There are 2 protein chains.
Amino acid sequence: MQNTNFVSTMSTCGQKEADKVPEPTLRRLPWYLSNIKLMKERGEHFVSSTQISKEINIDASQIAKDLSYVNISGRTRVGYNIDALIDVLEEFLGFTNMHKAFLFGVGSLGGALLRDSGLHHFGLEIVAAFDINPDLVGKDLNGIPIFHSSEFEAKMKEYDVNIGVLTVPINIAQEITDKMVDGGIKAVWNFTPFRIRVPENIVVQNTSLYAHLAVMFNRLNFNEIK
Amino acid sequence: MQNTNFVSTMSTCGQKEADKVPEPTLRRLPWYLSNIKLMKERGEHFVSSTQISKEINIDASQIAKDLSYVNISGRTRVGYNIDALIDVLEEFLGFTNMHKAFLFGVGSLGGALLRDSGLHHFGLEIVAAFDINPDLVGKDLNGIPIFHSSEFEAKMKEYDVNIGVLTVPINIAQEITDKMVDGGIKAVWNFTPFRIRVPENIVVQNTSLYAHLAVMFNRLNFNEIK
């Protein structure tokens, strides 16, 4: 049942969205998008991959290849229409469709994400959160209700959700993931530093701030002593 | 001047920390760390790469190779002492040394990060934030003072900081980055979807939540229709 809006989403987005786009491409496209938005602010109407290349120091042929996944064609010597490219990129990246999500674990990071209204501008709406802390259950944060974890199955029937944001302590990360998947969650945005296991058809996106910190600290140390 | 504590850090961490560790290794090590912590909770005293492998579904030889960057040796048939491995990994990853940082841009995400005390447990202490919003300047958030952006150079002299967290709007991301680097910041943790340019000796760690969302949405769509 919760698949309905995704199927209908597809029919409006063009056939290209069905392609398995390489992850590096998907990570670069938002860079192009933010750059193109700035060019638009500066009053530009058309943009070529060569122009984007100069701005962000990525090979123009790579940019053209990445943009070939998106359903838009540029004109020789003129480039892409900026307004059209912004619209198509935002739609392609899923930022214009609101994807509803539940958040699990209203600790320090979970609470921070509930307060980050910015996610909303990029297509993610956290509609409810779950925790077992009696000081939190029944309250709301930034207008988002916090339910007891035991209410998850019931709330899955009430809300049209297929994404779960995981911000629980590592010792229950797997257990909560299993419950999410059993309840019908199709994608887990995992903020824990724990490597969760899921069935093959479930999407996992790992965003460990702590792993990124580790990389940054190491590079910083390396620079300091080289 | 702000290099002093990094140099002294190095001398206590063993020569291995100076190696340019591959980024995939640095991203996997926190997974091992969180798993090993759980094993310790379960009462284990020793752990082998084979055991870690079973838990997190990564090849044991890869784990052994990753751990070879860390200054610890296991014993044949017994494995690594868990307590020692936890200590060495946390130190190696930089989580036990407090790294001071400034945050630039107290918007929705910036405010959320100021409230996330969890970063503290992984070695990052945001000691001050900068913004130009008169409703924010002079206040503090979660005990962290917010200064006017024009005070940055003065505060660099006051605090011992070499990391800048970038959470400004994309249209000023490059300008603020340039100011940070001019002021002596050595590493930029970039949360904007903008690809910033920095001199070669400056570390950039990109953590675009929105790029991660784009990957997750695409994979979800792909699964729904395949």
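Yeah, the Cβs are placed from backbone N, Cα and C, and that goes for glycine too.
According to TrEMBL, the protein has these features:
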DNA_BIND  A:31-70  DNA-binding region
BINDING   A:GLY105, A:VAL106, A:GLY107, A:SER108, A:LEU109, A:GLY110  NAD(+) binding site
DOMAIN    A:94-195  domain 'CoA-binding'
Residues satisfying Cβ distance under 8 Å from A:GLY110 (NAD(+) binding site), sequence separation of at least 6: A:LEU103, A:PHE104, A:ALA129, A:ASP131, A:VAL165, A:THR167, A:VAL168, A:PHE191
Within reach of chain B, those binding-site residues of A:GLY105, A:VAL106, A:GLY110, CB-CB under 8 Å: none
Number of Cβ atoms other than its own within 10 Å, given for A:GLY105 (NAD(+) binding site): 25
Count of other CB atoms lying within 10 Å of the CB belonging to A:SER108 (NAD(+) binding site): 17
Mean of the pLDDT scores, which run from 0 to 100, over the DNA-binding region (A:31-70): 91
Nonlocal neighbours by CB distance (under 8 Å) for A:VAL106 (NAD(+) binding site), same chain, sequence gap 6 or more: A:LEU114, A:ALA129, A:PHE130, A:ASP131, A:ASN133, A:LEU136, A:LEU141, A:ILE146, A:THR167
Tertiary neighbours of A:GLY107 (NAD(+) binding site) (same chain, Cβ under 8 Å, six or more apart): A:THR167, A:VAL168, A:PRO169
Three-state secondary structure, which DSSP defines for A:GLY105 (NAD(+) binding site): coil
Spatial neighbours, same chain, of A:LEU109 (NAD(+) binding site) - Cβ under 8 Å, 6+ residues apart: A:THR167, A:PHE191, A:LEU209
